[in-house]
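Engineer: Quick paste of what TrEMBL says about this protein:
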TRANSMEM  44-64  transmembrane segment
TRANSMEM  76-94  transmembrane segment
TRANSMEM  100-120  transmembrane segment
TRANSMEM  132-152  transmembrane segment
TRANSMEM  172-196  transmembrane segment
TRANSMEM  208-226  transmembrane segment
TRANSMEM  238-257  transmembrane segment
Amino acid sequence: MIGNFEANRLLWVLTGILALAAALAGLLVPGIYAKVVGADFLPGVFAQDIINLVAAVVILWLCFGGIKEGHLRKQLVVLSGVGYLAYSYGVYVIERYYTILYLLYLAVLGLAFYAIVYAVSSLRRELFPHLGVPLAIRNLSLGLLWLTPAVLYPLWLRDLWPLIQSGRKIEFFYATYILDLCFVLPLFVILGLAAFKNKGLGLLMTPVLFLTGFALLLPGTLAEIFKALRGIPVDLVVMGPFAVLGAAYLLMGLWYLRNLRLSWQKAQ
């Protein structure tokens with residue numbers, strides 16, 4: 001489905017290797033975060049590095065496991081992992097995790113971003129008319145796509161408004177507001193509209209958004225578990241809804257991928 005496949009795979013591999021190095025270093029030498037992250041936030045960083053590691057391993061495993069241009073589902077899973085890494089290391093960069101690995105974070109962010117841009121620009125659009133998904137799944141996915149911004153826009157704006165009124169700067173989490181409000185949530189709306197109109201790009205990228213969303217929410221759930229293990233109070237108000245939404249993303253993403261029609265293969 002993706003043209004210029006070898007060039008795309010090279011970008012995926014490079015992104016995976018650099019992310020693997022960054023995640024392993026963070027997990028094996030957690031002391032690098034001591035000067036840049038408060039103690040209360042260390043469980044979250046540890047959880048995020050675990051998911052970064054898993055995402056990098058999945059990308060490399062698929063890329064070296066015989067993935068080919070016709071392997072649509074595998075390509076979409078790889079793009080989900082790359083999208084997750086772009087967001088994750090975007091957080092590290094924007095929130096100024098000035099560890100010895102900061103330049104590596106920049107490299108992962110840059111590679112992941114351009115890997116996504118190049119992959120989308122390489123999609124074989126002449127095959128879009130041959131893509132399809134059952135109507136029931138498409139309608140359910142549309143509901144989840146539009147539910148996300150409907151919930152998160154008011155939630156994030158509610159959090160931001162007191163900061164805007166007071167002019168107070170927060171130490172962490174502001175990267176999430178920037179990335180979600182400016183990039184991620186508009187993407188949910190845009191691709192939702194494209195899928196509603198049965199456009200190939202919307203149908204194709206919907207499961208990518210779901211799997212990426214699942215990966216993005218997972219560190220938050222893990223962080224609360226790690227907090228409990230360290231005797232730090234757990235925020236169930238955050239953990240509960242995010243865990244439910246993450247599970248919905250995962251189930252819908254896998255169901256969607258399984259039922260994505262591949263009739264375009266007959267047109268090759």
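Placed from the backbone N, Cα and C atoms, the Cβ positions cover glycine too.
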Engineer: Can you tell me which recorded stretch out of 44-64, 76-94, 100-120, 132-152, 172-196 has the most Cβ pairs within less than 8 Å of the transmembrane segment (238-257)?
Structural biologist: 132-152
Engineer: Under a Cβ pair cut-off of under 8 Å, which of the recorded stretches 44-64, 100-120, 172-196 contacts the transmembrane segment (208-226) most often?
Structural biologist: 44-64
Engineer: If we skip the immediate neighbours and take only residues 6+ beyond the ends of the transmembrane segment (172-196), which ones have a Cβ under 8 Å from one of its Cβ atoms?
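Structural biologist: For the transmembrane segment (172-196), the nonlocal Cβ contacts are 37-38, 41, 87, 90-91, 94-95, 138, 141-142, 145-146, 148-149, 152-153, 156-157, 159-160, 202-203, 205-206, 209.
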Engineer: Cβ under 8 Å, sequence separation of at least 6 from the ends of the transmembrane segment (100-120): give me the contacting residues as numbers and ranges.
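Structural biologist: Cβ under 8 Å, 6 or more out: 2, 4, 7-8, 11-12, 14-15, 18-19, 21-22, 25-26, 32, 75, 79, 82-83, 85-86, 89-90, 92-93, 201, 205.
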